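Q: My structure is below; once you've seen it, I'll send some questions.
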Amino acid sequence: MPYSIMRINQFVLSIGALLLSSTSAMSAEENISDFKEDDGTYAIKDVRSQEECSELCKSDKKCRGAVTYQADVTKPEMVCRLNNGFGKNAVFPSIPPEPLDLKVAIADLNAYRAEFGLGALKLNTKLNKASKVHAEDLAKAGIISHTGTDGSGHGDRVQRQGYYFMIAGENVATGQKSWKKVFQAWKDSPGHNENLLRDDVIDFGIALVYEPKTTYSTYWAMLVASPMEEQSFATGVN
């Protein structure tokens, strides 16, 4: 099968773990009583700063957020409670994202492109499917990457849907709870914005997958592309 690629652009964007801190003095007894209910805490560590607690959370895939408590504000010792977001009284509950409206997404993207004198893109079902396959794969593994768990690149995934392209670009992101937020994040990131404003693509696809039992909970994948010319596809010429 022909696999012609003039240029492939791919960019990732992730929202990291949250940190909720408290420096109010409290006794050890008060500290313990605050967490008698099931709040999602799965580990308690002794730390000497809020930054150390935050780094512990960021380095642990299970951690959705962390809380620091300082029993005596005159001393540096703190307690860091790592939280996975689960439990009936979860401190960092997983909130479902807003549903992705494809019509709104393409309208917003085309309005943004028009500001720069660029042509409108068309929603493409094959690119939507390729985006969904990758977003589902990322959600299942709980990761953010352009490489699929089977080793595929986005060009492979696009062609598996029967879309043979000259140019293809991919953006992925995790953690954003709405199209509005992920779109703004991509616009604010130079690499992602480059794909949004490509002047050599005509088709667009996007998908959102929600998996609350993972670190990021929301997984976004977006593709822009232009198909191979019909003659090149028929002859296999790159």
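Cβ coordinates are placed from backbone N, Cα and C, and glycine is handled just like the others.
All annotation found in TrEMBL is predicted automatically rather than curated by experts.
What TrEMBL lists as domain 'SCP' is 109-221. What TrEMBL lists as signal peptide is 1-27.
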Q: Based on DSSP, tally up the residues of the domain 'SCP' (109-221) by helix, strand and coil.
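A: For that range the per-state counts are 47 helix, 24 strand, 42 coil.
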Q: For the domain 'SCP' (109-221), what's the mean pLDDT in this predicted model?
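A: Reported value for the domain 'SCP' (109-221) is a mean pLDDT of 95.
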